[in-house]
């Protein structure tokens with residue numbers, strides 16, 4: 001794939017996310033308490049296989065040069081992305097259990113799947129804000145003896161998550177920063193007038 005073709009694929013992905021309502025403008029509160037005028041909710045993607053596959057392909061193109069034999073999606077939205085990557089590129093996947101009942105030995109298992117201590121695992125996520133959810137997943141994997149060196153995400157909201165991961169020894173690779181995403185929306189998408197106005201105002205503060 002040429003750089004021009006990849007750029008077209010990126011713009012196509014953003015346009016489709018806007019079309020299915022995964023990108024919305026307004027007044028929103030993020031899970032970490034921060035306020036924002038643009039909300040990217042990737043949950044609708046699981047109902048759109050073509051969009052899901054495009055995003056999974058873009059994320060996988062970020063993969064590092066070193067050998068990583070496993071991947072794990074951050075629960076829950078990124079599970080579909082990780083599964084899509086696993087099937088499309090034939091790479092093994094493990095599953096982090098978010099809820100532990102502690103009622104039996106089986107329920108105390110943090111990570112499901114076949115793996116060996118010492119293997120390197122890539123953490124896949126849809127959107128990074130504070131970085132907390134990626135760190136929680138990384139810790140669960142590391143507790144089972146896996147090595148976590150990098151995380152691949154679709155969108156970096158540029159609110160400090162990358163620095164948090166770096167401090168923990170994890171390199172972040174993202175398909176889009178929030179600034180890139182908004183620029184793509186403004187230049188390539190037919191936005192509603194109110195959304196275009198909010199996007200234009202937002203880009204001035206990024």
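Every residue gets a Cβ built from N, Cα and C, even glycine.
Listed in Swiss-Prot:
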BINDING   97, 98, 101, 125, 126, 127, 128, 129, 130, 131, 132, 133  5-phospho-alpha-D-ribose 1-diphosphate binding site
BINDING   157  orotate binding site
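Reduced to three states, the DSSP call for residue 130 (5-phospho-alpha-D-ribose 1-diphosphate binding site) is coil. Looking only at Cα atoms, residue 157 (orotate binding site) sits nearest to 128 among the binding-site residues 126, 128, 130, 132. There are 25 other Cβ atoms within 10 Å of the Cβ belonging to residue 128 (5-phospho-alpha-D-ribose 1-diphosphate binding site).
In this structure, the binding-site residues 97, 126 were compared by how many other Cβ atoms lie within 10 Å of their Cβ, and the smallest count belongs to 97. Ranking the binding-site residues 130, 132, 157 by how many Cβ atoms sit within 10 Å of each one's Cβ puts 157 at the top.
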